[in-house]
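Enquirer: Feature table excerpt (Swiss-Prot):
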type	residues	note
BINDING	Gly224, Val225, Thr226, Gly227, Ser228, Gly229, Lys230, Thr231	ATP binding site
BINDING	Cys436, Cys439, Cys476, Cys479	Zn(2+) 1 binding site
BINDING	Cys445, Cys448, Cys463, Cys466	Zn(2+) 2 binding site
DOMAIN	211-377	domain 'Helicase ATP-binding'
DOMAIN	447-638	domain 'Helicase C-terminal'
REGION	1-99	region '3'BD'
REGION	115-174	region 'WH'
REGION	201-376	region 'Helicase lobe 1'
REGION	388-431	region 'Helicase lobe 2, N-terminus'
REGION	432-486	region 'CRR'
REGION	487-627	region 'Helicase lobe 2, C-terminus'
REGION	633-732	region 'CTD'
MOTIF	320-323	motif 'DEAH box'
Amino acid sequence: MPVAHVALPVPLPRTFDYLLPEGMTVKAGCRVRVPFGKQQERIGIVVSVSDASELPLNELKAVVEVLDSEPVFTHSVWRLLLWAADYYHHPIGDVLFHALPILLRQGRPAANAPMWYWFATEQGQAVDLNSLKRSPKQQQALAALRQGKIWRDQVATLEFNDAALQALRKKGLCDLASETPEFSDWRTNYAVSGERLRLNTEQATAVGAIHSAADTFSAWLLAGVTGSGKTEVYLSVLENVLAQGKQALVMVPEIGLTPQTIARFRERFNAPVEVLHSGLNDSERLSAWLKAKNGEAAIVIGTRSALFTPFKNLGVIVIDEEHDSSYKQQEGWRYHARDLAVYRAHSEQIPIILGSATPALETLCNVQQKKYRLLRLTRRAGNARPAIQHVLDLKGQKVQAGLAPALITRMRQHLQADNQVILFLNRRGFAPALLCHDCGWIAECPRCDHYYTLHQAQHHLRCHHCDSQRPVPRQCPSCGSTHLVPVGLGTEQLEQTLAPLFPGVPISRIDRDTTSRKGALEQQLAEVHRGGARILIGTQMLAKGHHFPDVTLVALLDVDGALFSADFRSAERFAQLYTQVAGRAGRAGKQGEVVLQTHHPEHPLLQTLLYKGYDAFAEQALAERRMMQLPPWTSHVIVRAEDHNNQHAPLFLQQLRNLILSSPLADEKLWVLGPVPALAPKRGGRWRWQILLQHPSRVRLQHIINGTLALINTIPDSRKVKWVLDVDPIEG
């Protein structure tokens with residue numbers, strides 16, 4: 001009897017075997033309903049079908065129901081998901097279900113759902129409306145129904161309610177019916193509807209190069225300075241793709257930040273543009289997903305998880321702001337959407353465009369190795385003038401709310417000229433260091449030349465590279481000052497302390513806390529554009545693609561947090577943030593200014609960025625990473641473990657380290673650091689520790705991990721901790 005090997009959404013790296021009853025057939029990629037646990041049925045996805053099982057056949061339960069006649073995934077997405085589960089060492093069931101809309105996970109049909117509507121019956125058309133005058137809601141409802149059908153999901157917006165319609169139904173005056181939406185083929189009347197901008201020479205060259213390779217895999221880095229017209233290149237490439245009857249996937253870092261982008265695509269093309277993001281309800285998400293799969297959607301714009309959308313005939317993938325860290329999932333299945341998008345493009349044999357003003361070092365490394373091709377856009381639209389740059393030395397300055405006196409003076413000047421000011425504060429990813437405010441001394445580990453991380457709760461300094469520790473000094477060993485401060489300031493604290501400095505000036509704080517509610521970001525941005533807010537306080541969210549014509553002063557307040565972080569990636573993140581931020585000032589014919597506050601104005605990173613630009617920084621950083629044998633020249637895997645008592649996690653990781661180093665696959669090129677506390681050592685009441693594995697060969701490191709995972713359950717403490725694997729981590 002055939003055996004179905006079924007993936008279930010459980011945290012176990014295996015499939016489960018079920019018998020297929022006589023007469024029941026199923027294909028890999030189809031959903032089934034199966035018994036699981038005590039008196040419980042679950043939805044599963046068939047990974048394969050065979051005639052054998054590791055268990056005796058008489059011990060296997062049978063599949064209850066097959067939900068699909070054809071796989072819910074296209075062939076290319078199926079291959080992508082199976083490969084990704086293996087590469088990221090994540091349970092196959094969790095991976096497959098992550099890629100499905102919630103309603104499909106729950107067993108809903110993978111087809112356009114019938115759309116229900118109310119209509120007036122023959123009796124309802126003939127009855128005297130005055131007979132309902134004692135029930136005004138019913139009278140209103142029937143009068144409306146006589147004008148035509150009313151869709152069920154529209155009732156909530158009307159003057160009457162569902163109860164009135166149900167009452168009319170009991171009287172035989174109205175009823176419910178349904179119809180399945182017909183497929184509409186946009187290809188029959190496709191045309192470019194919006195206004196085309198004339199491409200400059202660089203843009204035209206880029207579009208032509210990509211078009212010439214349209215029928216095979218090619219990866220293109222579109223490196224364009226802020227305001228150089230990358231979106232116009234995307235639009236022109238999509239014109240060519242849609243003209244061939246193919247579809248396009250456009251991925252963006254934060255869907256809430258790009259209402260302008262969506263509008264530009266919808267205005268440009270006389271074809272359906274669907275949007276996939278976390279703000280959609282379940283029905284909207286399923287509808288967009290199905291339209292992409294059946295070819296009804298010409299363009300899908302979405303965030304990270306949109307990568308797994310099935311397409312009938314995909315012709316190109318665009319990754320906008322490809323350097324953005326939000327493409328990396330940080331919880332659960334820790335995949336990187338940019339990297340998987342390249343795999344998908346290769347599998348589908350189509351071009352992929354990676355666009356950025358500040359490309360990731362991994363992407364630039366692939367360009368150096370001839371895996372990707374480089375296209376440059378160097379001219380800003382309208383020949384806008386670059387912002388004037390200032391570095392303010394904070395040493396010995398009496399700061400207010402984290403602002404130097406010179407910055408406060410500049411802010412007043414710009415505000416008096418009826419302009420707007422942005423203050424950037426970006427703690428995320430920058431580990432706190434200990435700094436002397438008077439002389440600029442930074443607490444540094446003597447064993448490995450990295451900066452100590454300040455642990456406030458334990459009141460000690462700890463090196464996250466070699467694990468050496470020391471108490472927090474009472475005074476600066478360089479100048480004797482007792483003014484030792486942790487680097488960093490919070491946006492909320494800044495907002496509160498700015499108010500008395502600028503009385504009567506409207507202040508708007510834009511960060512994760514203030515924009516979590518649906519529509520909150522759009523509302524705040526509209527207020528900014530109306531001039532309702534004069535001072536904007538924000539994190540890196542504000543650096544992503546917004547155009548603020550009245551912003552003429554931009555200041556970065558916590559530069560030192562990036563310069564002296566324990567995370568080797570923080571310099572790259574800061575360089576990207578600074579370059580993006582500098583493009584926010586003075587974009588509408590007004591001269592812009594950018595101010596950086598630091599205790600170390602002579603720092604080489606600042607000097608390179610200010611006077612040579614991001615490209616020079618990236619070249620220098622890649623050379624340094626190569627010399628230090630850090631990614632992208634080597635591969636990293638982090639194993640994190642956590643517990644409630646701060647005992648089992650480090651013990652488990654030490655046992656795991658011993659297991660790895662004793663493996664016959666481990667060679668002299670494998671480097672293992674730890675166990676050390678995670679950069680955020682305590683979260684949610686749990687203590688977090690980690691070990692880092694590094695190897696110059698990605699393939700070899702994968703083999704080592706595979707061999708280790710097969711034996712991990714032999715470690716005594718493995719069941720006393722929660723542990724996760726992070727392949728190609730982007731945070732220390």
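We count from 1, first residue shown onward.
Cβ atoms are placed via backbone N, Cα and C, with glycine included.
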Enquirer: Inside 10 Å of the Cβ of Ser228 (ATP binding site), count up the other Cβ atoms and send me the figure.
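Expert: 22, counting other Cβ atoms within 10 Å of Ser228 (ATP binding site).
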Enquirer: Tally the residues of the motif 'DEAH box' (320-323) by DSSP class, grouping H, G and I as helix, E and B as strand, and everything else as coil.
Expert: 0 helix, 1 strand, 3 coil
Enquirer: When you tally the Cβ atoms that lie within 10 Å of each candidate's Cβ, which of the binding-site residues (Gly224, Gly227, Gly229) has the highest tally?
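Expert: Per the Cβ count, the most surrounded site is Gly224.
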Enquirer: Determine the mean pLDDT over the region 'CRR' (432-486), rounding to the nearest whole number.
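Expert: Looking only at the region 'CRR' (432-486), pLDDT averages out to 82.
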Enquirer: Should the region 'CRR' (432-486) and the region 'CTD' (633-732) be scored as in contact, given a threshold of at least 3 Cβ pairs under 8 Å and pairs 6 or more apart?
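Expert: Result for the region 'CRR' (432-486) with the region 'CTD' (633-732) is yes.
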Enquirer: According to DSSP, which of helix, strand or coil covers Gly229 (ATP binding site)?
Expert: coil
Enquirer: With a radius of 8 angstroms around the mean position of the C-beta atoms of Cys436, Cys439, Cys476, Cys479, what other residues of the same chain does the Zn(2+) 1 site pick up?
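Expert: Those within range, site residues removed, are His437, Asp438, Gly440, Trp441, Pro477, Ser478, Gly480, Ser481, His483, Leu484.
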Enquirer: Given the cut-off of 8 Å on Cβ pairs that are 6 or more apart in sequence, determine whether the region 'CTD' (633-732) and the region '3'BD' (1-99) share at least 3 such pairs.
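Expert: These two segments touch.
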Enquirer: Find the one among the binding-site residues Cys439, Cys463, Cys479 whose C-alpha lies closest to that of Thr231 (ATP binding site).
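Expert: Nearest listed residue in space: Cys463.
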